[in-house]
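S.K.: First the structure, then my questions, so here it is.
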């Protein structure tokens with residue numbers, strides 16, 4: 001009798017628990033200039049081969065799975081002729097990922113700065129959590145996070161907003177995953193405040 005009782009307890013524990021709770025899903029928009037590394041970073045997070053990465057010309061959507069959430073990331077191409085249409089894709093976003101090439105030329109950095117300022121002030125994005133990734137930290141010409149923060153004037157611009165500025169590169173997946181974990185925490189807090 002004891003064996004049957006033990007078997008039933010084990011059976012209940014395995015079969016009657018029900019499915020695990022669903023992970024929350026968040027819809028994000030990912031923007032940045034061409035060559036900033038948006039597609040490569042997202043592909044690496046999805047465990048896709050870097051050999052198959054092609055620069056995004058319009059937009060693409062990736063479901064990026066994490067242990068505590070799924071991020072549905074709408075990545076927008078960063079070419080001149082596409083950036084003017086970015087705002088058409090902002091609706092429904094719950095957060096923003098902005099990727100910049102921290103080793104880019106002064107001209108590209110200035111363009112990225114203007115685009116970030118525009119996005120941070122856009123009515124559909126201005127209250128959302130922002131993750132700003134200073135990519136290509138593995139390159140010799142990469143600017144530090146402090147240099148980026150100062151150059152982009154993030155302190156005064158993003159006052160009162162929820163934002164994170166993180167250094168990253170394809171070589172350091174732990175730092176990249178940590179950046180996204182921090183973003184998920186901001187998204188959870190943001191959703192809790194809205195409810």
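Cβ coordinates are placed from backbone N, Cα and C, and glycine is handled just like the others.
Annotations per TrEMBL:
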BINDING   32, 33, 34, 35, 36, 37, 38, 39, 78, 135, 136, 137, 138  GTP binding site
BINDING   39, 56  Mg(2+) binding site
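Distances, neighbours, how buried they are, the whole picture for these features please.
M.R.: Residue density at residue 138 (GTP binding site): 14 other Cβ atoms are found within 10 A of its Cβ, drawing on all protein chains shown.
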S.K.: Pairwise over 32, 33, 34, 35, 36, 37, 38, 39, 78, 135, 136, 137, 138, annotated as binding GTP, what's the top Cα to Cα distance to the nearest Å?
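M.R.: Maximum Cα-Cα distance: 22 Å.
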S.K.: What is the interatomic distance between the Cα atoms of residue 38 (GTP binding site) and residue 56 (Mg(2+) binding site), given in whole Å?
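M.R.: Distance between the two Cα atoms comes out at 9 Å.
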S.K.: Roughly how many Å separate the Cα of residue 56 (Mg(2+) binding site) from that of residue 32 (GTP binding site), to the nearest whole number?
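M.R.: Roughly 11 Å, rounded to the nearest whole number.
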S.K.: Calculate the distance in Å between the alpha carbons (Cα) of residue 136 (GTP binding site) and residue 39 (Mg(2+) binding site), and round it to a whole number.
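M.R.: If we compare the Cα positions of residue 136 (GTP binding site) and residue 39 (Mg(2+) binding site), the gap is 13 Å.
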